[in-house]
Amino acid sequence: MIELKEVVKEYRTKNKEVLAVDHVNLSIRAGSIYGVIGFSGAGKSTLIRMFNHLEAPTSGEVIIDGDHIGQLSKNGLRAKRQKVSMIFQHFNLLWSRTVLKNIMFPLEIAGVPRRRAKQKALELVELVGLKGREKAYPSELSGGQKQRVGIARALANDPTVLLCDEATSALDPQTTDEILDLLLKIREQQNLTIVLITHEMHVIRRICDEVAVMESGKVIEQGPVTQVFENPQHTVTKRFVKDDLNDDFETSLTELEPLEKDAYIVRLVFAGSTTTEPIVSSLSTAYDIKINILEANIKNTKNGTVGFLVLHIPYISSVDFGKFEKELIERQVKMEVLRHG
């Protein structure tokens, strides 16, 4: 269990004070994958560096497995950092060392005997899919392979928490998915708690159980990923979801001809089993209305499927529209009116 209570990080310069993290409260379940998403400058990198005290909070508490990180002695903090490991966007490998020796490095620092360290490193090489590349140097590896080395090195001391600081930002989409699949596998095998920060909603949707959205140092929205994805509340969250859907439809709306009287353009959001039910056709028949599908999309989250439909209803009375909306709610389908004639 990880808890952040009223965490603040303030930087003081000669001319001004910068509030990088502003009274953040988080509760992260042990064994879960928790994502923090935000645009550049949102404060997410500063936030994650306070989990292992690479940055000390100005105020507030960071508690991991019952330990108040800011209250640990130097030796206690050093021991805790072995259990709260981290991987980085640019890998941070030692270029003069082979794959195997990069993975052995934290074990050497921890004083593990060489034979045991080598055996552990070989096991990790296999776990991350690099068997046969033990003697390769970082310059001989692809970006995805370098990150696999970074992950193996981070696991060397059997951590309980893995922090991922934009770990896939430097990778192409296919390699990103491969690294995300590896993180899922490792979480399941080792019961890790994973906290990752990213600016990509795809990463959140693909592997996270819960998400916090940051802007200007504040957490502006948080909750289960499927819930946040299907029903975003804050403007920033809506933008992330829209970008993930590659949705330019609202821009196109401004170019459409004015709607006829009593016509509607609506967006429906389906989740779980409702994504495969013939709801639109049954409602079209029930209310004897024509429905044009202007746009359709479906996205998978770690815990379910979310579908999106944009519909044009050429004519429906306000009374029938109210019934139409009520029936959608009863079927657990969310509706947003985009335009009304």
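Backbone N, Cα and C define each Cβ position, glycine as well.
Marked as domain 'ABC transporter' by Swiss-Prot: 2-241. Annotated ATP binding site per Swiss-Prot: Gly38, Phe39, Ser40, Gly41, Ala42, Gly43, Lys44, Ser45, in sequence order.
A map of Swiss-Prot features onto the structure.
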residue: Gly38; record: ATP binding site; Cβ neighbours (10 Å): 24
residue: Phe39; record: ATP binding site; Cβ neighbours (10 Å): 14
residue: Ser40; record: ATP binding site; Cβ neighbours (10 Å): 7
residue: Gly41; record: ATP binding site; Cβ neighbours (10 Å): 12
residue: Ala42; record: ATP binding site; Cβ neighbours (10 Å): 24
residue: Gly43; record: ATP binding site; Cβ neighbours (10 Å): 23
residue: Lys44; record: ATP binding site; Cβ neighbours (10 Å): 28
residue: Ser45; record: ATP binding site; Cβ neighbours (10 Å): 17
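Under the three-state DSSP scheme, Lys44 (ATP binding site) falls in the helix class.
The ATP site is set by Gly38, Phe39, Ser40, Gly41, Ala42, Gly43, Lys44, Ser45; from the centre of their CB atoms, other residues of the chain with a CB within 8 Å are His199, Met214, Glu215.
Mean pLDDT for the domain 'ABC transporter' (2-241) in the predicted structure: 94.
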